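Participant: For reference, TrEMBL lists these features for the protein:
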type	residues	note
DOMAIN	3-28	domain '2-thiouridine synthetase TtuA-like N-terminal LIM'
BINDING	CYS4, CYS7, CYS23, HIS26	Zn(2+) 1 binding site
DOMAIN	51-171	domain 'tRNA(Ile)-lysidine/2-thiocytidine synthase N-terminal'
BINDING	ALA54, VAL55, SER56, ASP60, ILE80, GLY156, ASP161	ATP binding site
BINDING	CYS274, CYS277, CYS286, CYS289	Zn(2+) 2 binding site
Amino acid sequence: MKRCAKCSQKAVVYLPHHRIALCKEHYIEWFERRVERTIREFRMFSKEDRVLVAVSGGKDSLSLWHALHKLGYQADGLYINLGIGEYSKLSEEKAKKFAQGLGRTLHVIRLKDLVEDIPTLKEIEKRPACSVCGNLKRYYMNKSAKELGFSVIATGHNLDDESATLMGNVLSWNLGYLRRQYPVLKEGNGFVKKVKPLCLITEKESALYALLSGIDFVEEECPYSVGASSIEYKLLLSQIEERSPGTKLRFYLEFLRKVQPLLRREEKLELKPCSICGEPTSGDVCTVCRLKQRLTLSEKGQGS
């Protein structure tokens, strides 16, 4: 039986890549300190900033919000209801219940009121739901943060998410995405600063923090995530991690330290306000407004 490295009590977890065993109390403390160190290392935000946490109702976003609150940051939540049946209904309920217990504000917007729900858009667009969903969430997170007066958007992307995304982008040598894959996307050109305070914390570490902290989160995965390539990359990296602890962290950190600086020297993409909604875009009309135009044409076609 392993003992906590801090107090010699019975350990609840052993972290192979950190070579440390911790009890419940000291694991929670370790997790929160790691979040704080990540925020400081990448200069994400300060105690004076108003932080909007993108909340899904899952373990990562709720763990992040919980940790930020305990660390003394001004953090409220934003939940975007995607209209995915019972999954979205349950996720919203969990997010609202958590916000109430935390004593913080949860801002809720419904995609169907703004554009249309994801199941409908998936059929109209004839492309993967994740692609449609990602574009819409990024758009409305940024738009909501500006309208509500927040200076920073924080998302719950963890190390598993980041390393899997990195693997996918490297395999396809997508330089545009690789250039933008960083824990901090600075404000400017109509974008609010966007950060990932859990980028150095694994999915298992985030889940354990949620469980030990008594956080009631949605355990079900989004029904549209089945078959996503990112899940395959996560599985592959986890298999390597089992044999060589610390692989995910080394892969991601070495990319940030050695490759990212070279990529970021490249010429930046020029952005301008969308001619319809005013949000930043590289073309005349942004992705979301083009989607709305296609939706309108589809509805007219059905009505004729």
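Numbering starts at 1 and runs along the chain as it is shown here.
Cβ from N, Cα, C; glycine included.
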Participant: Taking just the CA atoms, what is the gap between CYS274 (Zn(2+) 2 binding site) and CYS4 (Zn(2+) 1 binding site) in Å?
Facilitator: 55
Participant: Return the single residue from the binding-site residues list (CYS4, CYS277) that has the minimum number of other CB atoms within 10 Å.
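Facilitator: If we count Cβ atoms within 10 Å for the binding-site residues CYS4, CYS277, the smallest count is at CYS277.
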Participant: Across all the protein chains here, work out how many other Cβ atoms are within 10 Å of the Cβ of CYS7 (Zn(2+) 1 binding site).
Facilitator: 12
Participant: Around CYS274 (Zn(2+) 2 binding site), how many other C-beta atoms are within 10 angstroms of its C-beta?
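Facilitator: A count of 20.
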Participant: Taking only the Cα atoms, work out how far ILE80 (ATP binding site) lies from CYS289 (Zn(2+) 2 binding site), in Å, as a whole number.
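Facilitator: Just about 18 Å between their Cα atoms.
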Participant: Taking the recorded Zn(2+) 2 site as CYS274, CYS277, CYS286, CYS289, identify the other residues of that chain whose CB atom sits within 8 Å of the mean position of the site's CB atoms, giving them in sequence order.
Facilitator: SER275, ILE276, GLY278, GLU279, THR281, VAL285, THR287, VAL288, ARG290
Participant: Please find which two of ALA54, VAL55, SER56, ASP60, ILE80, GLY156, ASP161 have the most distant C-alpha atoms, given that the record lists them as binding ATP, and give only that distance in angstrom, rounded to a whole number.
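Facilitator: In whole numbers, the farthest two Cα atoms are 20 Å apart.
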Participant: As a quick check of your reading of DSSP, tell me how many residues in the domain '2-thiouridine synthetase TtuA-like N-terminal LIM' (3-28) are helical, how many are strand and how many are coil.
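Facilitator: Split by secondary structure, the domain '2-thiouridine synthetase TtuA-like N-terminal LIM' (3-28) comes out as 5 helix, 8 strand, 13 coil.
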